[in-house]
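S.K.: Have a look at this one.
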Amino acid sequence: MVHPWHDISPGDQNPEIVNGVIEIKRGSRAKYEVDKEYGILKLDRVLYSSFYYPANYGFIPQSYCGDQDPLDILVLSQVELEPLCLVKAKVIGVMRMLDSGEEDDKIIAVAANDMSVNHINDISELPPHFTLELKHFFEDYKKLENKTVVIEEFQNAILARKIVLDSLELYKKTFPKK
């Protein structure tokens with residue numbers, strides 16, 4: 001069985017275009033994640049509030065971050081992408097975030113094969129209200145769990161690509177090939 005985190009390439013055009021593994025489709029209240037040991041999708045929890053995910057949400061394979069998880073990615077598309085869908089995603093920015101005091105950046109990307117969004121090259125091209133929606137969702141979705149999330153800022157594609165490269169490098173150091 002292929003493990004979505006360890007056995008799938010981050011993509012041969014990274015950091016500009018990466019592979020993303022979707023865990024949660026846009027519009028869902030269920031928080032799914034790939035089980036680190038078994039590589040299958042598990043229900044982490046149903047969101048405590050009436051919020052729903054504003055974008056397709058997942059991770060970049062063979063990436064690793066300080067929170068001991070793969071690097072998160074939000075993939076914008078005109079369609080809801082099913083959990084465990086592999087999607088080529090053009091990196092356009094990053095939302096810098098602290099979750100309970102721990103760094104938890106979210107890469108913002110567009111589906112490379114979706115003509116309704118693949119012309120977007122940088123987060124600055126998104127409608128300002130969309131980034132406000134993302135900020136609001138991530139600041140508020142854990143409040144009823146008594147957890148604190150702080151959105152520091154949104155940054156451009158250049159910084160986002162550096163964060164992608166750093167996470168791929170950390171993965172290689174943390175999980176050396178046998």
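Residue numbering: from 1, along the chain as shown.
Note that Cβ sites are derived from N, Cα and C of the backbone, with glycine treated the same way.
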S.K.: In Swiss-Prot, the residues ASP67, ASP72 are said to bind Mg(2+) 1. Which of ASP35, ASP44, ASP104 is said to bind at that same site?
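M.R.: Swiss-Prot names ASP104 for this Mg(2+) 1 site.
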S.K.: Looking at Swiss-Prot, which one out of TYR57, TYR64 binds substrate in the same site as LYS31, ARG45, TYR141?
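M.R.: Record check against Swiss-Prot: substrate site with LYS31, ARG45, TYR141, extra candidate from TYR57, TYR64 is TYR57.
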S.K.: Which residue, out of the binding-site residues LYS31, ARG45, shows the minimum number of other Cβ atoms inside 10 Å of its Cβ in this structure?
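M.R.: Output over binding-site residues LYS31, ARG45: least Cβ neighbours within 10 Å is ARG45.
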S.K.: Near ASP72 (Mg(2+) 1 binding site), how many other Cβ atoms are within 10 Å of its Cβ?
M.R.: 22
S.K.: ASP67, ASP104: which of these binding-site residues has the highest Cβ count within 10 Å of its own Cβ?
M.R.: ASP104
S.K.: Could you list the residues of the same chain, at least six apart in sequence, whose Cβ is under 8 A from the Cβ of TYR57 (substrate binding site)?
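M.R.: Long-range Cβ contacts: ILE22, GLU23, ILE24, ARG26, ASP72, ILE73, LEU74, VAL75.
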S.K.: Compute the C-alpha separation of TYR141 (substrate binding site) from ASP104 (Mg(2+) 1 binding site), stating it in Å without decimals.
M.R.: 15
